[in-house]
Amino acid sequence: MLITVYCVRRDLSEATFSLQVSPDFELRNFKVLCEAESRVPAEEIQIIHMERLLIEDHCSLGSYGLKDGDVVVLLQKDNVGPRAPGRAPNQPRIDFSGIAVPGTSSSRPQHPGQQQQRTPAAQRSHGLASGETVGVPQGLGSPGLIRSMLLSNPHDLSLLKERNPPLAEALLSGSLETFSQVLMAQQREKALREQERLHLYTADPLDREAQAKIEEEIRQQNIEENMNIAIEEAPESFGQVTMLYINCKVNGHPLKAFVDSGAQMTIMSQACAERCNIMRLVDRRWAGVAKGVGTQRIIGRVHLAQIQIEGDFLQCSFSILEDQPMDMLLGLDMLRRHQCSIDLKKNVLVIGTTGTQTYFLPEGELPLCSRMVNGKDESSDKEITHSVMDSGRKEH
């Protein structure tokens, strides 16, 4: 019969393999086969079937009710003595989505000199190319050591800031106590998720609720994998683009107008209309409600005004909105009227009726309400730089 084994090691790494055995195969011999596949010593193996721990090593698999196609869970025991040199497990890893850190060094003793020698090697051999894991020396369970390692590696620090903002914020706060609290909380949360997942794998395969949870977990894993592939292959898709603004003038007052071909009409804020001295021309019979992502009240409409773009004076009408963060938005009515085209290759707006071109504004010249990098992001980048520099000075 074919038995599928789902293995979970002490460091939370996982493996799945299948074994072809007979029903009268003893449990102790089955553990020996599992040791060869999982690299977990037979004396540390626990086999679970249908939420029941198989204890008697001399009993056959058939006596426990195992049959062809069944799935069992292999768990590695905790709190065991030192291992033989030839049975050292794989190096544990830190998952930056959950920061799962292996157990303390009490279960696997290691000399300080060995730890110092292995730390740089582990960091060099296990990069964060995928943004998921990084190699950590055996027994690295101290929040202080983890904090020092992250602060000394700018690449890992930037990935941590992107993948795990709460832990990155605690790291950059400069408080070891805060970092330890956040780290331990995420460890506990990750352990609870692992326990729930093990419970699902050992549940009744005919249970609809368990199958629905397994389906949801597989879906989340596919989403994470899709995101990681996108980060590797198309990182530009995670960036933000600057909005299209141009310089113009209305009634002699300089403005920055947002070019939006998806907007039906050209609009202006009430505050901007007051600065341009055109509120006296507002026809309040055209009052209403503008609906889009949200809703805003339309005070009225200015039927005819002049807008200056470069050297051209163009006729335009405005709908005046009561509470609008941007001064003016050039909608499709104005763009079609003057046969405007958006040339993204040249980064210009072309006025079709006159042939005039005006460049779109760079991010530094955009209004504050439309800049994609705010002060908080800039300060976070500065904090990372200062933390890395401080860490380097302390080491020297």
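Using N, Cα and C of the backbone, Cβ positions are placed for all residues, glycine too.
Under the heading active site, Swiss-Prot lists Asp260, citing a curator's inference as support. Among the features that Swiss-Prot reports, compositional bias 'Polar residues' is placed at 103-122. Under the heading domain 'Ubiquitin-like', Swiss-Prot lists 1-81. Look at Swiss-Prot and you will find 82-139, 376-396 tagged as region 'Disordered'.
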Output, ordered by sequence, the same-chain residues six or more apart from Asp260 (active site) with a CB under 8 Å from its CB, or 'none'. Leu244, Leu329, Leu330, Gly331
Go ahead and report the DSSP secondary structure tallies for the domain 'Ubiquitin-like' (1-81): helix first, then strand, then coil. 18 helix, 30 strand, 33 coil
